[in-house]
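J.: One structure, pasted below without further comment.
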């Protein structure tokens, strides 16, 4: 990967969300950044100001000398910038007209509209960050919980980079030793070379395995946990959704069948980002609209990572309750016995024959009784108490998981090849493949098409 790139043109983009707001930021990056901003800026001589300073002034239209906006201009000179290029950031008043007018002026004097993710891509190509750090930028932007934010910040600081580079160094050292032993066989025996390869393959495989064990938790932090709230009509599903959200998103009445569709909301439960789905009550109905809602509810159960199955403790179990218990047996689930504020009519002995005791939480959504226990159970079920852990090195996306699996497969080939008595130079190929796959994670050996695809997923101006 190059450590510096100088052939880029100068790019610009609005880095803040569109629409009305207190402040908008327009960003420039490239060799001509200072020259371009000087054409449209009236204030201090920016050639003479110190780097990493903010300067008051006005953006003007040079053709008419009309003031476009009152601004603060940040000047950041290469190489100590995010892109390792000269960077200018214009803080102007929020809004669509002024912000876009400034953008158009910059483009009219030589800047090009940046592609999505191009600022971060330049940071990567100029050696400022690697691919794991680039991905963590997007993870940080999209983080829905403090835990997800902390994992992203640690990866941006290089926690995963450091770990992967150490693994690659372990492999590189053994490959170098094998090369020496192959070139100078008089100083080595086949047994010694294969022993070195085997020990290193098993060591690196173990460390990759430890990383892969974090994949599910990392995926949950990054994408959210698809959680379906299910149950027959009027057992308290929508009340539970509203309680977790702390706002009234679902209609709550004592009329069965009020929720006729699937409602989705994100909520942070003790560091676990839940993508909550409040489903229509599952029951037999002749209403065409309700039937559609029921079918969508069944589909939501199939797709869900976690099921919150709500039962009404103030009524005996029904056929529909039993069907839902059976339908969710193979899913991660929590059985919520709601309405504990009312006299119990549910046969708990029968329930114990249908579900495990550790799946059951008793609640009254109306009085908030048991909701804290429910939240604790969700955190325990998926993070096993690690939500307070200081260790934040996690695999957070499918690309990283896939490459680690491929690297591990190459190590399996090394181990099986040695066991089968294969020549060292053939076994060495699989070890090199592992080294390459780990390099793709950080971008040291990633193909150009992958890099282009990855950065195209970023937002404009980042």
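The count begins at 1 with the first shown residue.
A Cβ is built for glycine as well, from the same backbone N, Cα and C atoms used for every other residue.
Quick paste from Swiss-Prot:
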BINDING   27, 89, 128, 462  (6S)-5-formyl-5,6,7,8-tetrahydrofolate binding site
BINDING   234-239, 253-259, 278-281  GTP binding site
BINDING   234, 253, 255, 258  K(+) binding site
BINDING   238, 259  Mg(2+) binding site
DOMAIN    224-383  domain 'TrmE-type G'
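Describe the structural context of each listed feature in the structure shown, including burial, neighbouring residues and relevant distances.
T.: In sequence order, 15, 116, 117, 119, 120, 137, 138, 141 make up the list of same-chain residues 6 or more apart from residue 462 ((6S)-5-formyl-5,6,7,8-tetrahydrofolate binding site) whose Cβ falls under 8 Å from its Cβ.
When secondary structure is read from DSSP and collapsed to three states, residue 234 (GTP binding site) falls in the coil class. Cβ-based neighbour count (10 Å, all protein chains) for residue 234 (GTP binding site) stands at 20.
Neighbour count (other Cβ atoms within 10 Å of the Cβ, all protein chains): 24 for residue 238 (Mg(2+) binding site).
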J.: Mind telling me which of the binding-site residues 27, 128, 237 has the densest Cβ neighbourhood, counting other Cβ atoms within 10 Å?
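T.: Of the binding-site residues 27, 128, 237, the most buried by Cβ count within 10 Å is 237.
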J.: In sequence order, which same-chain residues at least six apart have a C-beta under 8 angstroms from residue 89 ((6S)-5-formyl-5,6,7,8-tetrahydrofolate binding site)?
T.: 15, 25, 26, 27, 28, 73, 74, 76
J.: Distance between residue 234 (GTP binding site) and residue 128 ((6S)-5-formyl-5,6,7,8-tetrahydrofolate binding site) at the Cα atoms, whole Å?
T.: 56
J.: Reduce the DSSP letter at residue 27 ((6S)-5-formyl-5,6,7,8-tetrahydrofolate binding site) to three states and note it down.
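T.: Reduced to three states, the DSSP call for residue 27 ((6S)-5-formyl-5,6,7,8-tetrahydrofolate binding site) is strand.
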J.: At the Cα level, what's the spacing in Å between residue 128 ((6S)-5-formyl-5,6,7,8-tetrahydrofolate binding site) and residue 237 (GTP binding site), rounded?
T.: 49
